[in-house]
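Here is the structure we will look at.
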Amino acid sequence: MEQLIIATKNKGKVKDFRNLFSKYDITIKSLLDLEENIPDIEETGKTFEENAALKAETIAERFSLPVLADDSGLEVDALGGRPGIYSARFAGLEKSDQANIAKLLEELKGVPEEERTARFVCVLAVARPGQPTIFKRGSCEGRIANHPIGENGFGYDPVFYPNGLIKTMAELSSEEKNQISHRKNAIVQLEKWLQDL
Ligand SMILES: O=c1[nH]c(=O)c2ncn([C@@H]3O[C@H](COP(=O)(O)OP(=O)(O)OP(=O)(O)O)[C@@H](O)[C@H]3O)c2[nH]1
Ligand SMILES: [Mg+2]
């Protein structure tokens, strides 16, 4: 069984990754599992790719090991693609899922169902000491609900209906989410690299 460091402090992502990587027989170590406290990496990039690279390369350099990072977010068409890379900090730096959802629903007040289209985007960066960083992008299309439903998942999952489903992402089990999610659609593109790990 191999171990892979994921440069994240987001517990929801860690849960998704543990589940997604179990089939490759890879165990995950996140920044929350390390003994030393890693200072927050400032996400100063203007794209998912730039921020994913910042996180992966900072940690890969520090430990001289291959590191995966995930930069992800929700693009809402009626908001011109916002919150996008700012999804975690949409309602402020304290990164509250509940406040983010409230702000999103407020901004979409009165927007009819057919115009509430959106997608989750996940960019994975794999940084390895002395080698160029690899990027893979996955997405999941859907639309924004009128109110939150469901207890599973994290972030905006309770207000996101994946296309073709009558359940929000937060009403799906981890296994169901991980069959269709943006994160899953990015990881499958890393399959070859994961097998060589
Ligand atoms: O409902 C959701 N289901 C998902 O599957 C999902 N994936 C991403 N997101 C949103 O996008 C932000 C990422 O921002 P982000 O990539 O900067 O991560 P983060 O700051 O939370 O942690 P870190 O990995 O940077 O440590 C998150 O906080 C969420 O708001 C999701 N919401
Ligand atoms: Mg972040």
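Counting starts with 1 at the first residue shown.
Glycine is no exception: its Cβ is also placed from the backbone N, Cα and C atoms.
Unlike curated entries, TrEMBL annotations are predicted automatically.
Record features, source TrEMBL:
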type     : residues                                                                  : note
ACT_SITE : D71                                                                       : active site, proton acceptor
BINDING  : T8, K9, N10, K11, G12, K13, S72, F154, G155, Y156, D157, K177, H182, R183 : substrate binding site
BINDING  : E42, D71                                                                  : Mg(2+) binding site
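Everything TrEMBL records as a feature, shown here on the structure.
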{"residue": "T8", "record": "substrate binding site", "Cβ neighbours (10 Å)": "22"}
{"residue": "N10", "record": "substrate binding site", "Cβ neighbours (10 Å)": "19"}
{"residue": "G12", "record": "substrate binding site", "Cβ neighbours (10 Å)": "14"}
{"residue": "E42", "record": "Mg(2+) binding site", "Cβ neighbours (10 Å)": "10"}
{"residue": "D71", "record": "active site, proton acceptor", "Cβ neighbours (10 Å)": "27"}
{"residue": "S72", "record": "substrate binding site", "Cβ neighbours (10 Å)": "27"}
{"residue": "G155", "record": "substrate binding site", "Cβ neighbours (10 Å)": "23"}
{"residue": "D157", "record": "substrate binding site", "Cβ neighbours (10 Å)": "25"}
{"residue": "H182", "record": "substrate binding site", "Cβ neighbours (10 Å)": "24"}
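D71 (active site, proton acceptor) and D157 (substrate binding site) have their C-alpha atoms 16 Å apart, to the nearest angstrom. Here the C-alpha separation of T8 (substrate binding site) and E42 (Mg(2+) binding site) works out to 12 Å. N10 (substrate binding site) sits 14 Å from E42 (Mg(2+) binding site), counting Cα to Cα. S72 (substrate binding site) sits 15 Å from E42 (Mg(2+) binding site), taking the C-alpha atoms as the reference points.
In this structure, G12 (substrate binding site) is part of a helix by DSSP. Annotation note: H182 (substrate binding site) sits in a helical segment as assigned by DSSP.
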